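Let me begin by presenting the structure, written as structure tokens, before commenting on it.
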Amino acid sequence: MDGTAESREGTQFGPYRLRRLVGRGGMGDVYEAEDTVRERIVALKLMSETLSSDPVFRTRMQREARTAGRLQEPHVVPIHDFGEIDGQLYVDMRLINGVDLAAMLRRQGPLAPPRAVAIVRQIGSALDAAHAAGATHRDVKPENILVSADDFAYLVDFGIASATTDEKLTQLGNTVGTLYYMAPERFSESHATYRADIYALTCVLYECLTGSPPYQGDQLSVMGAHINQAIPRPSTVRPGIPVAFDAVIARGMAKNPEDRYVTCGDLSAAAHAALATADQDRATDILRRSQVAKLPVPSTHPVSPGTRWPQPTPWAGGAPPWGPPSSPLPRSARQPWLWVGVAVAVVVALAGGLGIALAHPWRSSGPRTSAPPPPPPADAVELRVLNDGVFVGSSVAPTTIDIFNEPICPPCGSFIRSYASDIDTAVADKQLAVRYHLLNFLDDQSHSKNYSTRAVAASYCVAGQNDPKLYASFYSALFGSDFQPQENAASDRTDAELAHLAQTVGAEPTAISCIKSGADLGTAQTKATNASETLAGFNASGTPFVWDGSMVVNYQDPSWLARLIG
């Protein structure tokens, strides 16, 4: 498959009926497809024949699709499935009605600063969640950002991300990315960290503000500019952009990764602060509008050809237009991309509290007047705090398991990083319920001598939001390879770092304050002790440990979960 390949519209690909070609790129084609087994409409990415036959890429995609599947953040496009059919690799994603940011910029020209900041804030939230899970994206660019009609933004194409927990696959790694947005260290032998994503997102912010990437020209000149050329100042390129944005761009695009912002959240907060006061309120209004838009959930049944997905409900009180006016760029012939189901993601953001925490760090310009969400169905996945852990699952799930972990325990980290995504999927599908238990018997092995107890306490602060997906996401993030402390290490994590981790997965200010205050330390000690007693009742003392209700689970067998849920 290449750029000149014929469309496969109307053909069958395994269980998928390819309805419409909606995108074509160097890695393959994207189709609107009907999954005839699960009876749903999806976005199906078919990788090119060249990549499908490349063993290095095959290994990369298998690893990265699993990494992407672990991310439970509303601005990350969810991956349903991935695999291979007749020698061709594919990724099955949820479908969205939206247009990519590159097409938007070509059509409309530069964005008003409040809108640019609001979109970057949402993508930064997605990236921070990925970084907390041990993944980097490596190809942040406008083409990989989808924006719905109500300005809800999504980051796509985590399939070529590089999980920092995995051994590098350098044969292909040197070619991943787009020159206009690549950090200087990507062109050298230096190890590229997650801060390369922060650099790329800053380049995207610059382009949103000015209409053009920071550096332009042929490949060699763009590479050289990223490495040696002075960082451009957006205020000198487009009249009316506040001078304060110059410092934001300068830090986000610093040549030395250590001089950049620590997180994408820091970048977006600085960008918001650079706005004029009135525009800060407009940016907050745009975020509120995107998060509270109400949409019906698309039907899971096959849709007849020509049927259109529901459009986002416009927000009644749109922000005044930003000046000065600019002439839009020539209209592109490129069609909007139909992608991941915005309706489902927005509903999740509303019901689960995983959306942007508007109360922090940005001010709101007025009270929120959205109607309360409807009550969940009786069989919905729910969260219950127990005396020795936290239950997450549906009352109709046929199997309930107990999972015991210790925040410092290295094998626990490996276990969670390997199986969290599959467990979360089984819970969401109501095939499985989980009682999560966190112990603290390695406190003495931590630098602070109480890290495990503090991590357990943080988990109960997050559980207090009564959001099952949020809790599972935070539980998994505690074991991220770039977050979990090691035994007898020279340092561990502070309460502020635990609070920031909670913020990256979508925790509300009340949970963050709870973590910083240490208010739940006593509760954590009691519940960790109770969990240890429960574990002892299974004639076990070490972690990780999994109990299926009748016997010990051999999680060393990669098929253990599939066997458990049938």
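From the backbone N, Cα and C atoms, a Cβ is placed for every residue, glycine too.
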Site from THR50, THR67, THR529 that Swiss-Prot describes as phosphothreonine, others unannotated there: THR50
Candidate set THR59, THR236, THR300, residue annotated phosphothreonine in Swiss-Prot: THR59
Annotation match for phosphothreonine in Swiss-Prot, from THR178, THR202: THR178
Phosphothreonine per Swiss-Prot (candidates: THR11, THR307, THR369): THR11
Of the residues THR36, THR175, THR193, THR526, the one that Swiss-Prot lists under phosphothreonine: THR175
Integer Å distance between the CA atoms belonging to GLY28 (ATP binding site) and THR59 (phosphothreonine): 17
Long-range Cβ environment of THR11 (phosphothreonine), under 8 Å and at least 6 residues apart: ARG17, LEU18
THR50 (phosphothreonine) versus recorded positions SER7, GLY28, VAL30 - nearest by Cα: GLY28
Site of maximum Cβ density within 10 Å, from modified residues SER7, THR50, THR178: THR178
